[in-house]
Structure formats: C-alpha cells, structure tokens
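Record features (Swiss-Prot):
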MOD_RES   SER69  pyruvic acid (Ser)
ACT_SITE  SER69  active site, schiff-base intermediate with substrate
ACT_SITE  HIS74  active site, proton acceptor
ACT_SITE  CYS89  active site, proton donor
Amino acid sequence: MMGVVSTPKVVGRQVYGSLYECDNEVLKDVKRLEEIVKEAAKVGNMTLLDIKSWKIGEGVSVVAIVLESHITIHTWPEYNFATVDVYSCGAHTDPYKAFMYIVNELKAKRYTINEADRSSEF
C-alpha cells in the first residue's frame, strides 16, 4: 500500500566498519579481545551465547554468537588495523553502542562506520 508506513516485524540493525591506528598490543591479545567482545555485548544489551577465537599469524579473529545475532572482530596488528561487525535483531538492542565500545577499547585513532537497516516487513 503506497503511503502507508508499517512497523517492521523483524528489527535487524547492523553496524560495521574499519578501525585504523589501533593499539597494537590489544590487537594481538586473544583474551583481551574476548573480554572486549563480551563487554560490548552487555553494552549493546545483547545476550552472549558463545564466543570463539583464533590466532591467525599475528592477528586474531573473535566471533561471538549472541541470541540476537553476532559480533566479530578481525585484527591485523602488522597494520594496526581491525574490522568490526555488530549485527543484532531486536528493538531492545543497540549495535551502535556495542560498536563504539569496541572502537574505544581498541584505541582506534580513526575509523569508518556503516549502518544497515536489515528490518523486514512481511
């Protein structure tokens, strides 16, 4: 129906970006990155279900499954660089707050941020 605005039945919001000039030591520290992701889930009002991490060369990948979707961090310490993706379903969550918490904890001097509304109308 044209002109009718309906409320999405599924609220999906994704915040993702690239972080530059990050703290090199944090980017290498698996345990610290896991702690950051756990706290980001709390800050974003998400329910952490599981977290896995892998050391890949000097870098680290952390993948957290939250009840509402996921949080990921991938790091490249040799470039002081990381990528972050926070995707959540549910109006009660705040992926932007979770993303910004990670930006601050990695001490990024600059970053890009992208936001996508992935809500659906059935």
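Glycine is treated like the rest: Cβ placed from N, Cα and C.
Positions of the features from Swiss-Prot, shown on the structure.
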residue : record                       : DSSP class
SER69   : pyruvic acid (Ser)           : strand
HIS74   : active site, proton acceptor : strand
CYS89   : active site, proton donor    : strand
Please work out the number of neighbouring Cβ atoms within 10 Å of the Cβ of HIS74 (active site, proton acceptor), leaving out its own Cβ. 18
With Cβ-Cβ distance below 8 Å and at least 6 positions apart along the chain, what are the contacts of SER69 (pyruvic acid (Ser))? List them in sequence order. GLY12, TYR87, SER88, CYS89
